[in-house]
């Protein structure tokens, strides 16, 4: 009897050890790739120049990532799957709302400088829902003893890709306006000497700025670095009055003042219209988003899907070629991340207490709340039954550090660029430990499904 109990205990210990190893090994693979990128890009070694990493980031953005999204999402998605997967984009919204509330709590507790209150909320709320989850899923599914069964990689990439369009829309609308330079801070800068961009400034631009949005310097507009929306709604400065004059109705040949009053656009409506016009919604249609839309359209139409996907598909050679290119996405992203970390943190005036507060809230507190949200959704039967990868992707949305794209938006708006850079650096450093911890927890939880 005692021998039987000892054998059971030994088997249980071996099983726990195997589960721990299965959870750790995928992340160790990614860390190895990051270290390689860090060594290659380190200023002392200078084996590969920064320009090469910029070129690699453009290839990921314009080629490798769209190929991966199209081949995996297009093959997996159907009309029935869209009905089953509806909670994935909803979960992005839920995680963002919870993150915003956590960001407000960090502001109240840590008391950052007034001009960085919005930055604190943004960096706590918006996580990386694209490249990093794709890399984690790819590494997990590359493991021999993956707990997610057959078609692990296809399902994981499809789930992550299906959530990306929501995150992208949020970034290019809500985040873009929240990253607007604060009015008071901007006016202080205006009164001083004008800061002119020096030639060759693109060389000194942090790599993280272009890691997920190459060519950002070409997207700047007349008002991208000004508190444009604040001036529209506040109308407190003489500059705003001259910059945004009221609509001139003198050209209209109207017979009575009443007709002018009826046809004139209300002030509030006009200001909202101008704010909408200044929202760069056109930037949503980037190569990865276009690939997602094409994959969804083709996947929903069986006749079109039969042309691209399947062993006997007429255009299977095209999807096979794209799949070969897609294989370069994960290593490239990790090498770029290593190159980003090799640059080191930038000088920041955000304060140590606020930096720690954001990092703890984003990497430690939010994942715990995410476990509660996913468990509640599972109890309410809102999730796909018996699909461990589905739940794993939902949990990852709460676990990743702040989106690198936020650094690009900060640079585009000219707001807290150094602070965003420093936060992204420290978050990605500590995410190596927090991701290890929570992936072990997730694997343990998912074994009970």
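Using N, Cα and C of the backbone, Cβ positions are placed for all residues, glycine too.
TrEMBL entries are annotated by machine, without manual review.
In TrEMBL, the feature transmembrane segment is placed on 354-377, out of the ranges 258-281, 354-377. Here the transmembrane segment (290-310) has Cβ contacts under 8 Å with residues 65-67, 69-70, 73-79, 81-82, 161-162, 164-165, 316, 318-319 of the same chain, all six or more residues outside its ends.
Spatially, the transmembrane segment (157-176) is adjacent to the transmembrane segment (119-137); three or more Cβ-Cβ distances between them are under 8 Å for residues at least 6 apart in sequence. By the count of Cβ pairs under 8 Å, the stretch nearest in packing to the transmembrane segment (119-137) among 20-41, 83-107, 322-342, 389-410, 422-443 is 389-410. Note on the transmembrane segment (422-443): residues 19-20, 22-24, 26-27, 31, 34, 123, 136, 140, 147, 208, 337, 340-341, 343-348, 350, 355, 358-359, 362-364, 367, 371, 392, 395, 399-402, 404, 406-407 of its chain, located 6 or more positions outside it, place their CB under 8 angstroms from a CB of the stretch.
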